[in-house]
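What Swiss-Prot annotates here:
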type	residues	note
REPEAT	86-109	repeat 'LRR 1'
REPEAT	157-182	repeat 'LRR 4'
REPEAT	227-250	repeat 'LRR 7'
REPEAT	420-443	repeat 'LRR 15'
REPEAT	594-617	repeat 'LRR 19'
REPEAT	641-664	repeat 'LRR 21'
SIGNAL	1-34	signal peptide
TRANSMEM	737-757	transmembrane segment
């Protein structure tokens, strides 16, 4: 009998079963989720590290410090960002980490990844599909790489910031871009090779605010909805069509619109006036016609109006005069013709007026532009102006850049042009000017450029030009100038630092495409190294940044120091005197022109011996062709280790062929032809042997290597036509010598053994760009002095001389008796140099890769920002440094006033007025580091012990051992723990990023210490920051408690110290963006200082009591 059991389930049983199933599902899910933990994230990061190290065996970045430790350490790895609970990895920042090769293909395993920054590397290949599986990614920056292929990121629907600029990505994005733009706020695809249409790809991107699609190959019409964005740039594409009124609806939110460099046409609509927040309107380089819209005059916020290179009507609307905030007006290349319009003389608010290439004729006085009171740059080049140069220009005392080149001006240059003390660039080239160069130009001490080429100027270069200590770029080629090159002229360009400092203070924001490209192309000698490198990369965007670099004194390219192949980024000068009638000898003092990288003296009548001191210059280009130089070619030319172009042809040099030329390993162009008295053998190996026979023509006494095809070469008749104006008798002597040499050679040719001159290859060039992990010597703007061993060299940043032996003597061989301080990065010794200067010698104690990075970072700061011979008054001056293996030494100015840390709690020695002065001094130093250095510098350890006082009590910031250059934004991934307990910003422990805002936080703590006389951390229940916030938030100061003042007069200084404490509280806000920047802080301090002046006659013993 078979029993069948039937189970009947009630409703309660069903619910219980469902609940059990839910628990089972939850348990399985929990197990799966548990697999995604910090442990698994660590394994992915270690896999990423191995991947990167295998493809970058030499130049490794921050990832080398990712070590196998417990899981908590993962969140402290440099470049790694975790959740606040440190439970998962959410971000990776490996910008500028010398990464090359294809992109890692397993980022998606980091399931909580929201931030990925791999910018400024050399990552190549296509963007892998794996990246599309990082579904939580919000910030992706792959800019400044060499990525290729097409763009496909369909899975990144949460992406808010996308930066793929400066790559080689191709293809049409019309179908791919809308798939991931739903949450996108920032989209930067500039400077790639994208193609196709973009007129409808943004319609579904509801959150988009900032778009930069410039410098691609997009075609068709523009997207009509750009009016709802904040910034929109499609500059330098192939877009066309008309810009319609409907694109500027009433709710236009644009602040920047850049349509330049396309083929838009028709009339531009006046409805642009609906964009009342517009700061920049750039229509340069299109095909717009008709009248300039009068409605533009109602956009009161407009600062930059770029309408050049179109065909607008020459009638300028009167309404534009209402733009009271207008700084830059560009109406160049519109072919206006006729006389210059009178209205330009009424733009009294404008600083930059660019009107070049408009086919203007007549004079320029009629428009009254020479009476504009605020004019800083006036560009009237490439027109047809004629007549005398107007003397009235000299009355514009604000003028810095005057460009009148490529016109038909004639007559003398007015002496009055020497009365513009702020003038930095004067370009009068390619006119019909006659007469002499005014001696009054010697008063132009701010002059950086003087361009007088291709005129008919005569006479000597006035000795007074040597007083132009900022004059780095001097071009008088192709005139009729004569006379000697006087020794006094070698002083030109000897100290441009004051001019660069003025430019660093100028904060006018000028966008790309405002005439600087044309200026740079005129002023950079495109055919001569090293400037040809810069000329080759001039695009509209690069011109803006390069122009800014030049004006502020930052180097555009690495320049060699004399006698070394080691390069550093520093400003470089040129001297162009070719095509004149200069005569006499070159003075030995030319060695003083220590920034000179290009020297062109060709096609003149210089004579005598070439001074050996020329070998002390950092030259990359030297052209002496077609002069009358004689004597031996100095062996010292072999010290020009980075010389690329050398032309000594058509002179009267004699003696043996200089073997030192074979040491010029970078020489790419060489010509020593037609110096018939040079003798000896041409090297058969080395750099010189790489040139063909055309480099040696007309030298019958030279012995050629066997591999030269000499048929008739060294016995060739030399005609008068080739030799120019050489005397006929001298010609006969040359031919006789050539024939005699040929006869002797036939008799002894079987016994001659060609000499082999081996080239001693110099060490591999170090460009200070992170391409090496170690280098024996790095140079800056000074010279080098060898120690007794000849290996350790001291690099001096001022003009004084001292050696490593002097350092040893000053510190008694680094004796313990000379120790005046110890820190986390080394020991400081006090000593006296032979010239009597007291110095503080800092010997770095850390070794290995990290110590090397720290030292190199500091050297980059020194090279780029000149903390030596010209030092900021609130930064401790550095006299020099040396590096040889483990020896890493800095030689600082000794500060006799000691450390602020020793005085900050002493309420009798440090009075309240002095405390405000110290706070102001430190702020000025940090303003320089953050806002006036390029790139910006983060100190990373602002504290009382890093503030030193000189003998007058002035404060200076010291210890840049961990300084880093910031290439993008204001953050930099730290490689070691930076900062000191009590001073470190709270976000540092989460982001591991050292930022300028972090410096502001540390500075805020320092101001609290100054205001209270209390330490940041003193063992109390409340740290200083917490106490200050409580006090200031509760407004307890208004009741006089708990803050009171000690001293005989309790009221003195209370208000100022309270204000100082308020600044400290503002600087220590929890959120970085809520903190002021250092410029804003300095402005607050200046106000307090102004109030403090009212108390100068009273007792100043006022301090806050706890």
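Backbone N, Cα and C atoms are what each Cβ position is placed from, and that goes for glycine too.
Note on the repeat 'LRR 4' (157-182): DSSP counts are 3 helix, 6 strand, 17 coil. If you look at the repeat 'LRR 7' (227-250), the same-chain residues 6 or more away from its ends with a CB under 8 A from one of its CBs are 190, 198, 208-221, 256-275, 282, 512-513, 539-540. Long-range contacts of the repeat 'LRR 19' (594-617) within its own chain (CB-CB distance under 8 A, at least 6 residues past either end) are made by residues 472, 477, 485, 493, 525, 528-531, 559, 562-563, 570-588, 623-640, 647, 653.
Beyond the ends of the repeat 'LRR 4' (157-182), by six or more residues, the same chain brings 114, 119, 127, 135-151, 188-198, 200-208, 212 to within a C-beta distance below 8 angstroms of the stretch.
Across the repeat 'LRR 19' (594-617), the model assigns an average pLDDT of 95. For the repeat 'LRR 21' (641-664), the DSSP-based tally of helix, strand and coil residues reads 5 helix, 8 strand, 11 coil.
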